[in-house]
Amino acid sequence: MEKWWFNSMLYKGKLEYRCGLSKSIDRFGNPIEKTSVSEDPVRNDTDKKIHSWSESSSYSNATHFVGVRDVRNFISDDTFLVRDSNRNIYSIYFDITNQIFEIDNDPSLLSERESSFFSYRTYAYLKNGSKNDDPPCDRSMYDTKYSWNNHITSCINSYLGSQICIESSILSSSDNSSDSYISSYIYGESRNSNERGSSSIRTSRNGIDFTRRENSTDFDLTQKYRHLWVQCENCYGLNYKKLLKSKMNICDQCGYHLKMSSSDRIELSIDPGTWDPMDEDMVSLDPIEFHSEEEPYKDRIDSYQRKTGLTDAVQTGTGRLNGIPIAIGVMDFQFMGGSMGSVVGEKITRLIEYATNQFLPLILVCASGGARMQEGSLSLMQMAKISAALYDYQSHKKLFYVSILTSPTTGGVTASFGMLGDIIIAEPNAYIAFAGKRVIEQTLNKIVPEGSQAAEYLFHKGLFDPIVPRNPLKGVLSELFKLHAFFPLN
């Protein structure tokens, strides 16, 4: 039988793995070799594999140590398949991020339950580290789904307690109530998902069979917990939503810059208490009475206004950046894809004119899918109107305009004010283009190479100036303004 062997113990509230596989069990569950115990938390031999156990009780001498840092990889959205000599399969599904644990309850899988599934050593035996003859393996502890669930529950509970911020009401309760909370949460979900069916993709890694299970309820779970977690669109890792804002919406796992709302960007860039918004009451009136077979344009505008709390896809106003007075406009991709309609164009134009009259430096943060098709030529006209206002600001008044391109910046915004900055800054891995990949391929009947519209590729083509991550962005802008003779008032 192919097996993942591990023993665990709770020590000072954290989960530690100490004992690996160096033991074989015959078909009647009798130990035939000693299990070594090591205090070394480092994995000694990562290249060794656990081989199939034949009828003659052959064994492998592979030791796998799993430290706290490796727990995430060991129990993170994977299904471990255990196959016995009769080709029966017993699967264990982990999803630590959504707190899901499933064991297939197929009678054919449980028929070989009498053979030992896992070797277990109690905490006292691990603590003593006895080198004498091993005591008989207590197979009754893990020959039922219930006892195995209890063991995994304690592992998951300990891991959550040491690695994830659990609500204080859970942590402050007793061990029993905490176990009960986790148990009911995990197994309640697993029972429901088992009833609704699933599909799986079978893979093999290092000689051991794995199955990545895709439940039909995955989408429902994502929707259910999206108020708690934000999924990275690059590595698909989950980031805790409460902590994401303090980390500037940067993925913990891969450092990818996730989308930010316009309000969060303003809070990031502008000194506290200095933000003064402009034209907040300006709304679109469906100027061309756009006909839609689905949702009417006015209803769609109202829906996005309720969803985002904004009147349209841009916020404009004045404030101070490290004490320097500035005018700033920030587009919001959450409002109809940041599309540029008549209201967006008018608000940006008024902001530029105000900055021109007040001799203020200007920042425009771009995040847009382009012109808004529901407003037709009026939307396209905003490109020329904004560009004309910028020409007066830059060429006649000799003032300083910084354009910041975030992901995505496409269409009419790229073709107008997005590329007119005196300094054009891009965020890492930002998607920047005029036409999207699919549109180009369908129009020209040519394949667009992957990554050819990413900021790092376009930087080497000279499309913009620096690529600046969010962390130092405010300091970089402050230095640029000082270089162009804009200084703090205090």
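Just so you know, glycine gets a Cβ as well, placed from its N, Cα and C.
What Swiss-Prot says about this protein:
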| type | residues | note |
| --- | --- | --- |
| DOMAIN | 228-490 | domain 'CoA carboxyltransferase N-terminal' |
| BINDING | Cys232, Cys235, Cys251, Cys254 | Zn(2+) binding site |
| ZN_FING | 232-254 | zinc finger |
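Summary: among the binding-site residues (Cys232, Cys251, Cys254), the fewest other C-beta atoms within 10 A of the C-beta are counted at Cys254. Sequence-distant contacts of Cys235 (Zn(2+) binding site), defined as residues of its own chain at least six apart whose C-beta falls under 8 angstroms from its C-beta, comprise Cys251, Gln253, Cys254, Tyr256. The predicted model assigns the domain 'CoA carboxyltransferase N-terminal' (228-490) a mean pLDDT of 94. Applying DSSP to the zinc finger (232-254) sorts its residues as follows: 7 helix, 4 strand, 12 coil. Excluding the listed site residues Cys232, Cys235, Cys251, Cys254, the same chain places Glu233, Asn234, Tyr236, Gly237, Asn239, Asp252, Gln253, Gly255, Tyr256 with Cβ atoms within 8 Å of the centre of the Zn(2+) site Cβ atoms.
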